[in-house]
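Enquirer: What follows is a structure written as structure tokens; I'll ask about it next.
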Amino acid sequence: MYVMRLRAMRRLISTHRKLPPCLLNQSRFGFEASTKGGAVVVCEDGAVGVLELQEILQLCARKQLTREGKCCHGLAVQAGLLADTLTCNILINFYSKSGCVDFARRVFDGMPERSLVTWNTMIATHTRHGEDMQALHLFLQMRREGSSLSEFTLSSVLCACAARGAVTESQQLHALALKTAADSNVFVGTAVLDVYAKCKMIRDARLVFDAMPEKSPVTWSSMVAGFAQSDLYEEAVWFFRHAHKMGVELTQFTLSAALSACASIAASTEGKQLHSVAVRGGFAANLFVATSLIDVYSKCGCIREAYSVFRNVEDENIVLWNAMITGFSKHARPHEAMMLFEKMRQRGIQPNEVSYLSVLSACGHVGLVEEGRGYFDLLLRDAVVRPNALHYSCMVDVLGRAGRIDEAWELMRRVPFGGSASMWGSVLNSCRVHGNVELAKIAAQHLFELEPDNAANHVLLSNIYAAGKRWGEVAVARKCLKDSGARKEIGRSWIDVRGKVHSFVVGETKHPRISEIYAKLESLRSEMNRLAYKVEVHHDLHDVGEGQKEELLTHHSERLALAFGLMELPGGTAIRIFKNLRVCGDCHSFMKTASMVITDREIIARDTNRFHHFSRGHCSCGDFW
């Protein structure tokens, strides 16, 4: 029996206190109203009015009072109000905000008449809860029944298309918006732009953006994010600057999108400028912005600045902690990464897949085998997180890099879902480190089948053969690469000087100051020779004489970038060099020795795997990479 006092309901409205406990009996909607003489039972104060019931339902929706809202639904059933469109609309809205999509849909399906609000609310409910196909099907049903549509209808369905990457449907909806003149509405225009951007149709997104008579901060944010998602990072940063100059209201999403673009191209100057903008706008402590800032600083080689941002954020979530743990891992700071992982658990934050991946990677890069085993065992015992292929490949890497290739092989045999490309890649890389040619052949063969278009696997096998001076097999490996049609990536290094990126390849000739760069590099080598530096020609894997090997190594791209940095950056400023491939062994030795000559600044080099911090003849990786 429902016992709901009118006075208690009024008190609920005024003070947001919960309704009195009610007995819920299961039925079609999960409950049914009890009756006494066919009328709603209300003690002392008389019957509940329809308007008051609707008002309480709206309050339950705002406060997500699920149990109390269901009680009101029971009263609505008992009073015969499910034929009333307004009451049903409020019920659908209540169930939507309470996360009970099935109940909302049952109310919708049982309605004898539906208004435009009904359709809009139900479509938006499906979209909001990730049920994109249901939203699209409902929209089609709406059109078949001849119901009119509004800008809200179109924007909701377009959001569903964006989530599914449904290009054809989005173009049809765009045409419908043009036909009904709804495209000038800021919500519809933004939704069309957003779906094109998420489908990487950035040119179409820009056309929509330029045609919009009115633009909201969300519109600008979608455009910035669209450029970043299409790998047009410099355009994303430029667009953000343009929006800022025009006085567009700053949001956490716009800032985060622009910062993500800076992180992708390691644009430290722009990242620092955006940090200043975030501080002035009061967003520096925002979780989204702070996480993006940590990512930017970590990827730009500024790990101290990243940690400073992390320490100043009061609110915490798993993404923020993961960003910092990953940063420490990439910068060969395993003890800081492990400490942060443990501190996170102590604070009651449950590690997720990324957390385990980052801490395992940190152990692998410096040879902490037992610590890696401990975290992997912890992952296997975790009741929430299930280990995936990347976790296993990380553990294989931990063992393989430390020379325990047999144990790594045994672990791969126990993988419940079979060897993946990442696992075989870890094995092949371990074979490179320890010169295990026979196992390298097996790993490479699996990789050729799993990743036929990945030229790096052919190159790595060729390099393993070359390190063992097996030139005949090198020739075969290179022929296989040519026959596969996969394209080898050209080694390239770049450096950011006063906001401008300067790029170099081995034996660079096109840079306008290349003669000065070579002269500076020769001068640096002369100083290093006094420290008994000698080119380690065994790191060059070409079948040529030692003199030619030395010449080839001398002109590697990262050395040219270092020489240019010494010429252009003021004393005391760290030199940050980025490379798209792994730093070779001789260049690593070169940077270490150079850091003994260049004592007034740190040399930071980032390759595909990690950061190397060179200072006074030492590297942060401890020569284990």
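Each residue, glycine too, has its Cβ placed from N, Cα and C.
Below, the features straight out of TrEMBL:
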type	residues	note
REPEAT	84-118	repeat 'PPR'
REPEAT	216-250	repeat 'PPR'
REPEAT	317-351	repeat 'PPR'
REPEAT	388-422	repeat 'PPR'
DOMAIN	533-625	domain 'DYW'
Enquirer: Can you work out which residues elsewhere in the same chain, 6+ from the ends of the repeat 'PPR' (216-250), have a Cβ less than 8 Å from its Cβ atoms?
Expert: 186, 189-190, 193-194, 196-198, 200, 202, 205-206, 209, 257-258, 260-262, 264-265, 267, 270, 274, 277, 281, 283
Enquirer: Find the average pLDDT over the repeat 'PPR' (84-118) in the predicted model and report it.
Expert: 88
Enquirer: For the repeat 'PPR' (388-422), DSSP counts of helix, strand and coil?
Expert: 24 helix, 0 strand, 11 coil
Enquirer: For a three-state summary based on DSSP, what are the helix, strand and coil counts in the repeat 'PPR' (84-118)?
Expert: 25 helix, 0 strand, 10 coil
